[in-house]
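Notes for the one structure printed next.
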Amino acid sequence: MGPARALSLAGVLSLAGVLAGDSGVQPAGSPLPLDLGHTGVPGKDALNHGRGLDASLDCREVRKHNSSEWCRFIRSNPDCRLEGGFLNYLEGIFCVFPPQLLPLAVTLYALWLLYLFIILGVTAEKFFCPNLSAISTNLKLSHNVAVFSLTCPLHGVTFLAFGNGAPDVFSAVVAFSDPRTAGLAIGAIFGAGVFVTTVVAGGIALVKPFTAASRPFLRDVIFYMVAIFLTFLVLYFGRITLGEALGYLGLYVFYVFTVVLCTWIHRRQRQEGLAPPGPWEPEMPTDAEEQESSGTNSGDYGEEYRPLLPSQETSLHIFTSALSPLDYRKWRRKPWYWRLFKVFKMPVELMLLLTVPVVDPDKDDLNWKRPLNCLHILTSPLLCILTLKSGTYGLYQIQGVFPVWGLVILVGSTLAIIIFISTSNEEPPKYHCVFAFLGFLASAMWINAAATELVNILRTLGIIFQLSNTVLGLTLLAWGNSIGDTFSNLTMARQGYPRMAFSACFGGIIFNILVGVGLGCLLQMTSSQPVVKLEPDSLLVWILAGALGLSLVFSFVSVPAQCFQLSKAYGICLLLYYLAFLCVALLTEFRVIHLSA
């Protein structure tokens, strides 16, 4: 999606090991089905597996009871328990707020939902991606996308794709961790696919008609259609095995290999004069444009925190200036709506600045802020243990006496003092690259925590309005995760790079579906039960899968038929297609469209 975010496949798998404790792995025995149907809850056998409860206790039935019984129903019904997270949204809305204030509670929840999307976006763009950029630099992966090389496509389809799809993948992993919210994952992955390949791609064609890069387009669409076909088969057979989950990840590795191989072949042909530059090749920004783009991407945390004077500064001044999320010069020249949005972002930006170090390879000092980075030695590990499995590990007491968080504070404080004494404000230490890995892990934990809260609040809203997880996934979750990429791709198209933005529409979502489904289901498997059951009992799931496949077939046929000359008419067709799909999906959700008995 947007060219600003990313992480490698190896990073995903290593991170999965860290987060496995929070993934809700199934116990041994018969596999717990992941119900993707209308109610979003397991069926009769699965819901009460080991609980011995009546299958009719669906949490969505709470509003069918008298309002005086809502709180008791929520607290006594195991199906109303939210997995993970720091806040119990169901008890909050049904036990804390009186029934007459239910609209106020829903409004507050909706605002908090929007703020969670802001947290995801800010964390991925301002902290997650710059640290991944620093990691890729240390791994000797080139950032000069203006030059065709082996490292250029590898960086784009691994680090760029992961940073771009981090919120989507984390949301999918969290949703798959609970059988009752698995429909959110399928709905979000498929829904975002339909949204990006129709609304975003159509918007790019409307903003700036262009000639599409033919070979990358055909390659990406073919791989994406294969991924959709595999997912369709998994849903049809109602289960995904260990081999199939690994097959998803293997297919993405093969996609990366294909991108690298194709680019290498074309580069050799160009060097030998056999393949002159053609319209198939996506346009790339120049070095100056890339540097400017990278300066705006990494942030408001670039020039914004550069000292105004080259003279030596005190540690206190460095600390306070590095912690300020606001550039007053920039504030004065920005419009009012930017200022309003900045005010909403400032609290989360301040918390992120306190807990997540950022290494910027484009700066002379690599963004080394000695007092703040020393504080990060303490706050980043503390954040990780307090967010992992909703703080369960952090609150654990060693031998029932000393808490883990206390040990982390003790060790972190000692290391922070040692680093502060042994370094200077002017020059970063040789091991400064370690802070990029620490920042990557801390920002990943922020995203994971926000994604967990996001899934729980969406499930709560589904229970309140009696909506399926699938429709919540294909609308709210898909829109929220895609809105940032929509603006970034449309902005890129306006700046004169529509082919690059169009390629990002299809290339990024391949990562989301292959890694999102593959990794999400893989984390639910155990050595004794390497199978996860998927039960698409709702017609909506099939409509969603069919709509995504049909949109890809439409582009696969119509784009070559236009000789890859994409006009505004093509963009209008895609937008109309999405509106028709959305109408059919909502009519199906409300049972206007349904299968006869």
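Glycine is no exception: its Cβ is also placed from the backbone N, Cα and C atoms.
In TrEMBL, annotation is done automatically, which means it is predicted and not curated.
The shown structure was predicted, so the numbers you read here are calculated from the model rather than taken from an experiment.
Annotated features in TrEMBL:
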DOMAIN    110-260  domain 'Sodium/calcium exchanger membrane region'
DOMAIN    436-586  domain 'Sodium/calcium exchanger membrane region'
REGION    275-301  region 'Disordered'
SIGNAL    1-20  signal peptide
TRANSMEM  101-124  transmembrane segment
TRANSMEM  145-162  transmembrane segment
TRANSMEM  182-209  transmembrane segment
TRANSMEM  221-239  transmembrane segment
TRANSMEM  245-265  transmembrane segment
TRANSMEM  336-359  transmembrane segment
TRANSMEM  402-421  transmembrane segment
TRANSMEM  433-451  transmembrane segment
TRANSMEM  500-519  transmembrane segment
TRANSMEM  539-557  transmembrane segment
TRANSMEM  569-588  transmembrane segment
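By the count of Cβ pairs under 8 Å, the stretch nearest in packing to the transmembrane segment (433-451) among 101-124, 336-359, 500-519, 539-557, 569-588 is 336-359.
Outside the transmembrane segment (221-239), and at least 6 residues removed from its termini, the chain residues within Cβ reach (under 8 Å) are 31, 33, 36, 186, 190, 193, 247-248, 251, 255, 258, 506, 509-510, 513-514, 517, 531-536, 541-542, 545, 548-549, 552-553, 555-556. Across 101-124, 182-209, 245-265, 336-359, stretch 182-209 shows the highest tally of CB pairs under 8 A with the transmembrane segment (539-557). Counting same-chain residues at least six beyond the ends of the transmembrane segment (182-209), those with a Cβ under 8 angstroms from any Cβ of the stretch are 1, 34-37, 40, 168, 171-172, 175-176, 224, 228, 231, 235, 455, 458-459, 468-475, 477-479, 481-482, 485-486, 489-490, 493-494, 496, 498, 501-502, 505-506, 508-509, 512-513, 516-517, 520, 534, 536, 538, 541, 544-545, 547-548, 551-552, 555, 565-568, 570-575, 577-578, 581. Of the candidate ranges 101-124, 336-359, 500-519, 500-519 has the most C-beta pairs within less than 8 angstroms of the transmembrane segment (245-265).
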